[in-house]
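Encoded as structure tokens, the structure appears first; notes follow it.
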Amino acid sequence: MLPLVALVGRPNVGKSTIFNALTRTRDALVHDQPGVTRDRNYGVCRLDEQQPFIVVDTGGIAGDEEGLAGATARQARAAAGEADLVLFVVDGREGASSLDDEILAWLRKLARPTVLVINKIDGTDEETVRSEFARYGFSDVVALSAAHRQGIDELLDEVGARLPEEGAGELLDNDPARVRIAFVGRPNVGKSTLVNRLLGEERMIASEVPGTTRDSIAVDLERDGRQYRLIDTAGLRRRGKVEEAVEKFSAFKTLQAIEQCQVAVLMLDATEGVTDQDATILGAILDAGRALVVAINKWDGQSDYQRAQAEDLLSRKLGFVNWAEAVRISALHGSGMRELFQAIHRAHASATHEFSTSEVNQALEIAYETNPPPSIRGHVSKLRYVHPGGANPPTFIVHGTRLKVLPESYKRYLENFFRKRFKLVGTPVRFIFREGANPYEGKKNPLSDRQVARKRRLMRHVKGK
């Protein structure tokens, strides 16, 4: 396992900016508003190819043990507790604070190897800044400006000198066999609670306060001999209610997670039914062409009448995606977890199935013979052949003539026919229709000598009259 380095400090000292600089990504949300980061976010630093290590970004410790601030602090402490090296980040512009003193006292009790990182030294007198933090008694001090990428090399040298060859960090691998699952939905429907339930630990901060999760956090999981990557995302609200820049970034990260996943689990709240915002999120999943499982959370607390009402609303509002399986779960109590994973497996298998050209052509031939396209204003579309065009979602490219007049109802017939024939569940199916260009359009066949002579005779005959 790779060594693990944790970034720890009070809010808004630049931990996420350092994380992005070390990992050469923009995986961590960065904003000048305190408290943007809440959950632990892991990445890999490969700036030194000989000594890669895992970096964990943590939320700022604000000195409050209650509510979201307390949950964020517990996440930061958990990260520091499992780290091989702690980078204690402070703000060089603001100087040492009483909160920095409290964090330092806790780090000394933790007794982990620690390096003091003074960030935001651009525009300051570095010697003055260093002297202010000298009372902390660190022999290992790095002064840098993460926003301008100044001092990152010096930080790497300090980190590299103190890392063990083997560490506590587990690398998020890129194993193609690992199923990538994104949990998406409105705020406060239970996404983080569900991920924590599946992991068996409080890996994500779960709270009744809407908008607790602000970033997309990926965690690897092995269950029943299979590999997964679970992606917890921020709740998506109506665009008119997204006011803060941080929340706009969070929404972007959620949409990005949908694009990168293989299966999207759309979480609904059984107590609220299907809202317009749920339909909007579903639209983003369908636009991305991702496999879909609908998870109806908080099902255990509903009466028989409420469940019947919820079922009726589900069939009316989500009837256009009746190919997606709906699973009734309780993230809090753990009911429905096995059924959820079974639905995810079926959706993933359908979305990634590889088709042969012969089997899809046979299916098209049977569909065509069973129900030929109708005549539209005297024109009938002809479907000549089809071939696979990709997976996730399954895509079929149909070639033929007069396909522009092929009605939408017939396209839906083909989709339903292929779904039934190949037992495709939980995934969109796309058809691309292409008309072959007529190679003789605009060209005339050259006349033979016999045809030329005949044409001359006809012309003489016409002139003679």
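A Cβ is built for glycine as well, from the same backbone N, Cα and C atoms used for every other residue.
In the three-state DSSP reading, Lys15 (GTP 1 binding site) counts as helix. For Lys15 (GTP 1 binding site), the count of additional Cβ atoms within 10 Å of its Cβ stands at 31 [all protein chains shown]. Sequence annotations record features per position, and here Swiss-Prot assigns GTP 1 binding site to 9-16, 57-61, 119-122.
Marked as GTP 2 binding site by Swiss-Prot on the basis of sequence analysis: 185-192, 232-236, 297-300. Of all the Cβ atoms in the protein chains shown, 26 others lie within 10 Å of the Cβ of Gly185 (GTP 2 binding site). According to DSSP, Gly185 (GTP 2 binding site) is assigned to a strand segment.
The average per-residue pLDDT of the prediction over the domain 'EngA-type G 1' (3-167) is 82, rounded to a whole number. Feature annotation from Swiss-Prot assigns domain 'EngA-type G 1' to 3-167.
Positions annotated as domain 'EngA-type G 2' by Swiss-Prot: 179-352.
Here Swiss-Prot flags 353-437 as domain 'KH-like'.
The Cβ of Asn12 has fewer other Cβ atoms within 10 Å than any other of the binding-site residues Asn12, Thr233.
Nothing from the binding-site residues Gly9, Asn12, Thr58, Ile121 places its Cα within 10 Å of the Cα belonging to Thr233 (GTP 2 binding site). In terms of DSSP helix, strand and coil, the domain 'KH-like' (353-437) has 32 helix, 26 strand, 27 coil.
When the binding-site residues Gly9, Asn12, Thr58, Ile61, Ile121 are compared by Cα distance to Lys191 (GTP 2 binding site), the shortest distance belongs to Thr58. Within the set of binding-site residues Gly9, Lys15, Thr58, Ile61, Ile121, the entry lying nearest in space to Gly185 (GTP 2 binding site) is Thr58 (CA atoms).
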